[in-house]
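S.K.: In case it's useful when we look at the structure, here is the feature table from Swiss-Prot:
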BINDING   Arg39, Arg45  NADP(+) binding site
REGION    95-118  region 'Disordered'
BINDING   Arg130, Ser131, Ser132, Asn251, Ala252, Gly296, Lys311, Pro312, Ile313, Pro314, Thr315, Arg337  FMN binding site
Amino acid sequence: MRYLTAGESHGPGLTTIIEGLPAGMPLLAEDVNKELKRRQGGHGRGARMRIEKDQVQITAGIRHGKTLGAPVAMFVENKDWKHWETVMSIEPVPEKNEKSRRVSRPRPGHADLVGGMKYGHNDMRNVLERSSARETTVRVAAGAVAKKLLHELGIEVAGHVLEIGGTRANLTRDYAVSEIQETSEASPVRCLDGVAAEEMMQKIDDAKKNGDTIGGIVEVVVGGVPAGLGSYVQWDKKLDAKIARAIVSINAFKGAEFGVGFEAARKPGSEVMDEILWSKEDGYTRRTNNLGGFEGGMTNGMPIVVRGVMKPIPTLYKPLQSVDIDSKETFNASVERSDSCAVPAASVVAEAVVAWEVAVAVLEKFDGDRFDTLKKHVEEHRNLTKEF
């Protein structure tokens with residue numbers, strides 16, 4: 001299973017095409033729209049989210065609420081397009097309009113300058129329109145489809161915010177996926193710790209007042225995962241590696257870790273490895289989950305626990321020093337409409353990309369042509385691993 005996305009931030013809209021879904025899987029537009037709505041929320045979002053009310057149009061691959069096994073095409077309209085029709089026109093425009101909203105002063109930390117050099121764009125709007133995090137709208141749409149597939153197989157995904165601007169949630173126990181879903185949805189910053197959430201919101205407000213931005217850390221937990229997804233046989237078959245790639249592919253994300261993550265470097269092996277248990281009721285389990293649900297690049301039946309770190313958004317309302325690519329003189333960087341903090345929304349995007357990789361791994365391991373046989377094979381595999 002794979003997908004491609006297309007579209008610019010201020011173009012007519014965004015498109016994704018998914019190939020490889022099994023036939024007969026239940027899927028409605030509402031399954032996607034509820035995830036798009038979640039992505040638009042969160043304390044710290046900018047004015048753009050008051051304009052866009054994202055709704056998906058499914059244009060291919062579904063009939064009467066079920067997938068056909070053919071490519072699924074989805075489109076999300078940009079409501080703000082009406083204000084950008086000339087600037088972002090697909091057809092040629094009069095010469096006097098060609099330089100409207102031209103960007104020649106790249107923003108530090110963004111794709112502007114390097115993208116311009118790579119593709120020869122002397123108007124870096126051609127770069128920023130595609131590199132914008134607006135593209136994650138259709139990544140969330142694709143992830144919503146993956147989450148639906150996983151849900152039907154008894155696998156659930158939830159994300160939440162662990163840290164914003166140096167304030168970290170004080171979590172003294174592990175949370176079930178259902179708890180994470182319920183508690184995070186009730187928080188303006190998608191945080192499980194109400195006290196920390198208040199401090200996070202204050203830091204976001206302070207950053208906005210100062211024309212600055214702040215980043216943070218999100219965590220995604222996947223429960224109900226069968227053992228044996230991914231493989232140790234080749235480096236590029238390891239599922240944790242694929243998930244790590246997916247996490248750092250999200251706009252502004254700079255790192256990923258599983259389980260205790262980088263803390264493992266400061267602990268002896270006896271405090272990191274997860275002891276193996278067995279019972280007739282549950283089969284093989286682990287006493288702890290320090291490795292985040294992975295051993296040898298494969299799922300071990302414990303919940304997947306992965307975290308990603310998001311840098312502060314590079315668009316600053318008090319811009320940093322840059323250079324005009326025309327004159328080579330020093331100027332302040334360009335300013336585009338932006339959020340002061342998008343970490344809460346990014347947790348939804350992280351859910352989507354993790355769900356996608358897990359769904360792909362499921363379809364790689366089991367027959368993926370028909371959804372009814374897929375469900376049967378997953379259940380048979382669960383029983384086999386339990387009886388091993």
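Using the three backbone atoms N, Cα and C, a Cβ is placed for every residue, glycine included.
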S.K.: What is the number of other Cβ atoms found within 10 Å of the Cβ of Ala252 (FMN binding site)?
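M.R.: I count 19 other Cβ atoms within 10 Å of it.
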S.K.: Could you give the residue numbers and ranges of same-chain residues that sit at least 6 residues beyond the region 'Disordered' (95-118) on either side and whose C-beta is under 8 angstroms from one of its C-beta atoms?
M.R.: 86-87, 124-128, 131, 311, 314-316, 319-326, 331-334, 336
S.K.: Between the Cα atoms of Ser132 (FMN binding site) and Arg39 (NADP(+) binding site), find the distance and write it as a whole number of Å.
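M.R.: Distance between the two Cα atoms comes out at 15 Å.
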S.K.: In whole Å, how far is Arg39 (NADP(+) binding site) from Thr315 (FMN binding site) when you measure between their Cα atoms?
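M.R.: So the Cα of Arg39 (NADP(+) binding site) lies 19 Å away from that of Thr315 (FMN binding site).
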S.K.: Rounded to a whole angstrom, what is the C-alpha distance between Ala252 (FMN binding site) and Arg39 (NADP(+) binding site)?
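M.R.: That comes out at 16 Å between the alpha carbons.
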S.K.: Which one of these binding-site residues, Arg39, Arg130, Lys311, has the sparsest Cβ neighbourhood, judged by other Cβ atoms within 10 angstroms?
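M.R.: Lys311, out of the binding-site residues Arg39, Arg130, Lys311, has the fewest neighbouring Cβ atoms within 10 Å.
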S.K.: Between the Cα atoms of Arg39 (NADP(+) binding site) and Ile313 (FMN binding site), what distance do you get, rounded to the nearest Å?
M.R.: 16
S.K.: So for Ser132 (FMN binding site), how many other CB atoms are inside 10 Å of its CB?
M.R.: 20
S.K.: Which value in Å gives the longest Cα to Cα span across the FMN site residues Arg130, Ser131, Ser132, Asn251, Ala252, Gly296, Lys311, Pro312, Ile313, Pro314, Thr315, Arg337 as recorded?
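M.R.: Pairwise Cα check on Arg130, Ser131, Ser132, Asn251, Ala252, Gly296, Lys311, Pro312, Ile313, Pro314, Thr315, Arg337 gives a maximum of 44 Å.
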S.K.: For Ile313 (FMN binding site), which residues of its chain lie six or more apart in sequence with Cβ-Cβ distance below 8 Å?
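M.R.: Residues satisfying the criterion: Thr213, Gly215, Ala252, Ser338, Asp339, Ser340, Cys341, Ala342.
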S.K.: Please report the three-state DSSP label of Ala252 (FMN binding site).
M.R.: coil
